[in-house]
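Peer 1: One structure, pasted below without further comment.
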Amino acid sequence: MSEKGRLFTSESVTEGHPDKICDAISDSVLDALLAQDPRSRVAVETLVTTGQVHVVGEVTTTAKEAFADITNTVRERILDIGYDSSDKGFDGASCGVNIGIGAQSPDIAQGVDTAHETRVEGAADPLDAQGAGDQGLMFGYAINDTPERMPLPIALAHRLSRRLTEVRKNGVLPYLRPDGKTQVTIEFEDDVPVRLDTVVISTQHAADIDLENTLTPDIREKVLNTVLNDLAHDTLDTSSTRLLVNPTGKFVVGGPMGDAGLTGRKIIVDTYGGWARHGGGAFSGKDPSKVDRSAAYAMRWVAKNIVAAGLAERVEVQVAYAIGKAAPVGLFIETFGTATVDPVKIEKIVPEVFDLRPGAIIRDLDLLRPIYAQTAAYGHFGRTDVELPWEQLNKVDDLKRAI
């Protein structure tokens with residue numbers, strides 16, 4: 001049955017949003033530790049509020065210099081985001097920074113360092129030695145909506161957020177401040193995006209800026225129109241798009257002064273904008289022994305290669321783990337009726353082409369590197385501005401041969 005006039009919405013936030021400040025701090029600390037000790041075990045959570053940053057969690061590492069320098073890492077990242085003055089509501093140079101970090105639980109470390117397969121079953125394969133750092137389920141998704149194989153609503157929302165930051169940092173709109181959000185509502189017919197219905201852009205700004213005469217026309221011209229011109233989507237009608245800029249009428253107080261922020265509170269923004277399911281685990285501040293992060297990246301890698309290989313127009317992949325075990329306990333693949341081959345065959349060949357044990361994921365995606373701070377804002381998937389290993393299409397030929 002034809003389905004017409006359905007509206008689907010996704011949102012993004014800028015790097016100056018309080019929750020994203022926390023993600024950025026947590027991932028900057030992670031990167032600093034991995035740069036000196038690639039085997040660091042890291043689980044760092046951050047809270048920001050007016051004039052204060054609190055960094056807590058568990059870390060086991062030999063990176064003594066990076067560990068001792070966490071306070072400076074925090075300050076540098078806040079300043080890089082753009083909070084460098086009390087006039088903006090937050091200043092990385094003068095805010096209070098409190099560190100409360102302990103060591104990783106030895107009970108967890110035991111299961112990661114010596115997996116059930118090695119400890120109980122006597123497995124000899126080195127990749128069977130590393131167990132999952134926790135139980136859990138992770139999803140990956142890909143679709144042919146965009147060249148980056150992401151759902152169009154979240155892809156467009158991220159482009160708008162990145163552009164909002166770009167015009168602030170390069171001086172095109174110097175009166176903007178770091179905090180901001182975007183939201184995109186798109187009309188779909190039979191799962192095809194046909195019309196951009198509404199765009200909401202809320203951005204922090206200097207106190208003396210007029211909403212109607214300055215901010216709204218500037219955002220339309222320098223942000224929305226620029227992004228839409230670059231998008232050039234084949235089926236999307238943008239001729240009657242409604243733009244709402246700062247619908248409250250004013251957005252001067254922002255950042256940690258406006259709202260407290262926490263690591264891991266933007267997991268839908270980080271992934272597929274609500275278009276695909278989510279296992280519930282956040283990414284930022286976690287080293288790749290945590291399958292919340294590494295397995296979610298692997299599932300995106302699997303899904304994107306399936307779609308790129310022409311085996312389905314869109315696909316969602318789920319994997320599940322037990323803490324302390326290397327082999328997944330479950331794998332589920334949904335093609336939503338778009339598969340070009342028997343879906344059972346796809347589910348059969350995925351474990352043959354992709355080794356989904358945590359140690360193998362870390363090896364194949366080269367995850368023991370300081371690459372995570374760049375993922376803290378604007379999404380972890382489908383990025384067009386940075387190269388990420390889980391976005392590579394290096395398994396397409398293997399999938400075609402296996403099928």
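Just so you know, glycine gets a Cβ as well, placed from its N, Cα and C.
Residues annotated as ATP binding site in Swiss-Prot, with sequence analysis given as evidence: H17, D179, G180, K181, K250, F251, D259, R265, K266, A282, K286. According to Swiss-Prot, the feature Mg(2+) binding site maps to D19, an assignment based on sequence analysis. Per Swiss-Prot, K(+) binding site is recorded for E45. Residues or ranges marked as L-methionine binding site in Swiss-Prot: E58, Q104, D259, K290. Annotation comment: Swiss-Prot describes 104-114 as region 'Flexible loop', evidence class sequence analysis.
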Peer 1: Please classify the secondary structure at K250 (ATP binding site) using three-state DSSP.
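Peer 2: Assignment for K250 (ATP binding site) reads coil.
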Peer 1: Would you count the other CB atoms within 10 A of the CB of G180 (ATP binding site), including those on all shown protein chains?
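Peer 2: By my count, 27.
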Peer 1: Where does G180 (ATP binding site) sit in DSSP terms: helix, strand, or coil?
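Peer 2: Note: G180 (ATP binding site) is in a strand by DSSP.
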Peer 1: Work through the binding-site residues one by one (K250, K266, K286, K290) and point out the residue whose CB has the fewest other CB atoms within 10 angstroms.
Peer 2: K250
Peer 1: Distance check, please: Cα of K250 (ATP binding site) against Cα of E58 (L-methionine binding site), rounded to an integer number of angstrom.
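Peer 2: Each residue's Cα considered, K250 (ATP binding site) and E58 (L-methionine binding site) end up 40 Å apart.
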Peer 1: Could you give the number of helix, strand and coil residues in the region 'Flexible loop' (104-114) as assigned by DSSP?
Peer 2: 8 helix, 0 strand, 3 coil
Peer 1: List only the single closest residue to D19 (Mg(2+) binding site), chosen from the binding-site residues E58, Q104, D259, K290 by CA-CA distance.
Peer 2: D259
Peer 1: Spatially, which candidate from the binding-site residues E45, E58, Q104, K290 is nearest to D259 (ATP binding site), comparing Cα atoms?
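Peer 2: So, of the listed binding-site residues, the one sitting closest to D259 (ATP binding site) is E45.
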Peer 1: With an 8 Å cut-off on Cβ-Cβ distance and a minimum sequence separation of at least 6, pull the same-chain contacts of H17 (ATP binding site), or say none.
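Peer 2: Those within reach of H17 (ATP binding site), by Cβ under 8 Å and sequence separation of 6 or more, are D179, G180, K181, G261, K266.
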Peer 1: Measure from the CA atom of K286 (ATP binding site) to the CA atom of the residue listed as 'K(+) binding site' and give the result in Å, rounded to a whole number.
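Peer 2: That comes out at 9 Å between the alpha carbons.
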Peer 1: Take the region 'Flexible loop' (104-114) and average the pLDDT across it for me.
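Peer 2: Residues in the region 'Flexible loop' (104-114) carry a mean pLDDT of 81 in this prediction.
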Peer 1: Looking only at DSSP and grouping its letters into three states, which state does K266 (ATP binding site) belong to?
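Peer 2: Looking at the DSSP assignment, K266 (ATP binding site) belongs to neither helix nor strand, so coil.
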Peer 1: For ATP, with binders H17, D179, G180, K181, K250, F251, D259, R265, K266, A282, K286, what's the maximum Cα separation in whole Å?
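Peer 2: So the maximum pairwise Cα distance among the ATP binders is 36 Å.
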Peer 1: Please report the number of other Cβ atoms within 10 Å of the Cβ of E45 (K(+) binding site).
Peer 2: 21
Peer 1: To the nearest whole angstrom, what is the C-alpha distance linking K286 (ATP binding site) and Q104 (L-methionine binding site)?
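Peer 2: Here the two Cα atoms lie 12 Å apart.
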